[in-house]
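**Student:** The following feature annotations were taken from TrEMBL:
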TRANSMEM  B:12-32  transmembrane segment
TRANSMEM  B:73-104  transmembrane segment
DOMAIN    B:80-368  domain 'ABC transmembrane type-1'
TRANSMEM  B:116-143  transmembrane segment
TRANSMEM  B:163-192  transmembrane segment
TRANSMEM  B:204-223  transmembrane segment
TRANSMEM  B:243-262  transmembrane segment
TRANSMEM  B:350-371  transmembrane segment
């Protein structure tokens, strides 16, 4: 089962550290171009963020974030292989070069940032939440005294459970599982009163696993918001820039009002910022080591961030999440486009 | 002279071994050097300083006392204690169960021996992880939700959150009561054995209890009733107080024991069958009862055959406990996983786990080898 595979994967990742490789002659960009494919870390099934559909085609917000980079680098949104990774495999897999990029609901934390990986550009902001059956009549953390909570390892949530419990003197009883689906099943079977994880993932679980999604309520566990951010290996600044600006291209396109449908129209725009963004005026792509029209190709193939959001987790998806923090800055959200010049 | 050296077996062997050893050492150094260099190049922290930092993550159930403000080191110790506790119980139950299973298979009773045979076939041939998940599914669906918990006896509650039973609560002064009780019991045992030797066994015991129990109650009352029975109470979302058996622990202990029993049963059966038929016949000819033949004559000889394979079975049992992560019981493996995730120090954590399991395994095998030497045939 997955346990053996997991240990094997960790062992293999570690074995990667033991072998030769110090001659870091090739950059990640060169490696990816030579291989002709990108390799991305993916989740083990969180519909909306990353999961294969009925035909085995990977879909989700994180998945499309990775496709955006593949388009920028290789010109093909399907030139990506996805490697499903558990919470604790994902960082070693990135550190050891097994994957090129890790867009997998990964919270940007100081400890992670200072330990062999670099974060690029948040593609989703959210809080850690609890999900509970509505029948219990609890909608805020303060009322949860004595509740047992199903937790999956490999995330920041174990620590959140403890912090919340001590701060509010709740005596929460965590039941900790090593794999995601076990934790979710235990929750739905009634083993725990609550399930804790990122609110977006909770919405995904509720939409995909609950018999009656309306019977469950999700509320914040902490007053803090986390930035889920695609990460890359430390030590390759060019690759970090490529990933950052590819994700930024999605956000900037929404800010400019560029969509998949109207992008060819926008090519005729007189606005110098838009012209530089789309590569009509050259310079941006070259600076990154890409072609100048990289942003054009990304939006042409995938649409802008708003379209990605609506399609995967927003109003056009079963998750029906509000834009909330993930709206553009001018709509009261946190998504801030940087200057493409 | 040189020719002689070239053909000298001792020298040749020595040279080969030296070369091999040198190569091995070089390989280890090369691997170590590469690892350190690669870790440094990729900006990955190394070292064991993190062991002193507070762990901050919870562990759902522990044998030793643990709180998230304890250090990572203590978290490892707590995980290890859980592993050892689990291994100990499994080995104990599986050994007793294995003996019963072997005797059942060997018995002349056709139903019993067939059933035992089916048991072995089923449990040996289904992967352990599947069995564990099955038992966990049973443990979390057999009983009703916590608010409609079954209450077969006062104070005993069965729910899918586990089994809650009344437990003893020790208040201040309990130590005195226990000490007095132990002292009283010892004195009574000695007194009754010496001065009432003429009486029958049963009467002596009756007398003993007739004095002991009222005295104990008196002491307990005098000390201000420090020891009390506390029944679990439904408080908010869950029961509180009393003793608690979680479905995670139940699932892992039942699953591991049933699985291991199938193997130990076969090992013991093999050992018993290896003892010559003549031993049985000799025993019968001397008029020894069947039960005594089995326990006094056959089993002691069978042990010589049983112990070596049993050792490796015990070792794999210890290693099998790592599968407990699948059903959410926090043994060492789960703690190590969590630590890796919290600190990112995978290499160090895996090394600790390697070291710990190696130590446990070597200790178990040393103990069993010692036992084996004790029971081996002494040849004079």
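Using N, Cα and C of the backbone, Cβ positions are placed for all residues, glycine too.
Help me picture these features in the structure, burial and contacts included.
**Tutor:** Long-range contacts of the transmembrane segment (B:116-143) within its own chain (CB-CB distance under 8 A, at least 6 residues past either end) are made by residues 101, 104-105, 149-150, 158-160, 162, 247-248, 250-252, 254-256, 258-259, 261-263, 265-266, 320, 323-324, 326-328.
Remote same-chain residues near the transmembrane segment (B:163-192) are listed as 149, 155-157, 204, 207-208, 211-212, 215-216, 219-220, 223-232, 239, 241-245, 250 (criterion: CB distance under 8 Å, separation of at least six residues from the stretch ends).
Within its own chain, the transmembrane segment (B:350-371) is flanked in space by residues 76, 80, 83-84, 87, 307-308, 310-311, 314-315, 318-319, 332-333, 336, 340, which lie at least six positions past its ends and keep a Cβ under 8 Å from the stretch.
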